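Heads up: the structure comes next, in structure tokens.
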Amino acid sequence: MTQDEMKKAAGWAALEYVEKDSIVGVGTGSTVNHFIDALATMKAEIEGAVSSSEASTQKMKDLGIPVFDLNSVDELSVYVDGADEINAHMDMIKGGGAALTREKIVAAVADKFICIVDNTKQVDVLGEFPLPVEVIPMARSYVARQLVKLGGDPVYREGVITDNGNIILDVYNMKIVNPKELEQQINKIVGVVTNGLFANRGADVLLVGSPDGVKTLK
């Protein structure tokens, strides 16, 4: 089974968590694209979706899935999204696709977070994948200096502007032993919009695509 086939298996497995006549929160990325393909097969049975990125919005519109603005929606039963890394406590690093802020907002609204990954994303300790931090452009140098004080090596992700008009600093060499605390610490830095640690709001269900099929962890 290739990595993409494992992603596809996890994406399609998430369909069973989608309730009829509901509005579904949809994340961003290669694994989520498989979920969107799956969601399109039951678009007549759901009201529609709320998207965490312009890319996912476009894909859903192309497939005929109605997309709602989050401000017009009071509740979401589920949010389905991938992760760049996830540990045994369901803490994640996300934001490789630079959509972390909108992902975190939609996840906060949803009753249940369903994380879909292939088995290469499971780790014991978070931090080998660089931690993305979304930053107001004028604060880039200041935020970078503060991140160095926290033990990281921030690198400006050149050529990338987020859907919110901001920039990304990728923080390398962080051994993240207390994700909840670090998430809060970084978010307190003036100029930070948010960071890619999803620990204070982690996943509720993890669907892992593997050579042996999809494993469910709760």
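Just so it is clear, glycine is given a Cβ too, placed from its N, Cα and C backbone atoms.
Model, not experiment: these values are computed from the prediction.
What Swiss-Prot says about this one:
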ACT_SITE  E103  active site, proton acceptor
BINDING   T28, G29, S30, T31, D81, G82, A83, D84, K94, G95, G96, G97, K121  substrate binding site
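Structural mapping of features recorded in Swiss-Prot.
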residue: T28; record: substrate binding site; DSSP class: coil
residue: D81; record: substrate binding site; DSSP class: strand
residue: K94; record: substrate binding site; DSSP class: coil
residue: E103; record: active site, proton acceptor; DSSP class: helix
residue: K121; record: substrate binding site; DSSP class: helix
(message) Which one is it: of the binding-site residues T28, S30, which Cβ has the fewest other Cβ atoms within 10 Å in this structure?
(response) S30
(request) To the nearest whole angstrom, state the Cα distance for the pair E103 (active site, proton acceptor) and K94 (substrate binding site). (result) 9
(request) May I ask which residues of the same chain, at least 6 positions away in sequence, place their Cβ under 8 angstroms from the Cβ of K121 (substrate binding site)? (result) G82, A83, D84, E85, I86, V208
(message) Centre the Cβ atoms of T28, G29, S30, T31, D81, G82, A83, D84, K94, G95, G96, G97, K121, go out 8 Å, and tell me which other residues of that chain have a Cβ in range of the substrate site.
(response) G27, V32
(message) Suppose we draw a 10 Å sphere around the Cβ of the residue listed as 'active site, proton acceptor'. How many other Cβ atoms does it contain, all chains included?
(response) 31
(message) Within its own chain, what residues at least 6 apart in sequence put their Cβ under 8 Å from the Cβ of D81 (substrate binding site), listed in sequence order?
(response) G25, V26, G27, T28, G29, V32, S52, K94, E103, A107, F113, I114, C115, I116
(message) Using a 10 Å radius around its CB, how many other CB atoms surround A83 (substrate binding site)?
(response) 30
(message) For the binding-site residues listed here (K94, G96), tell me which residue's CB has the most neighbouring CB atoms inside 10 Å.
(response) K94
(request) Could you tell me the maximum Cα-Cα distance in Å between the residues recorded as binding substrate, namely T28, G29, S30, T31, D81, G82, A83, D84, K94, G95, G96, G97, K121, rounded to a whole number? (result) 15
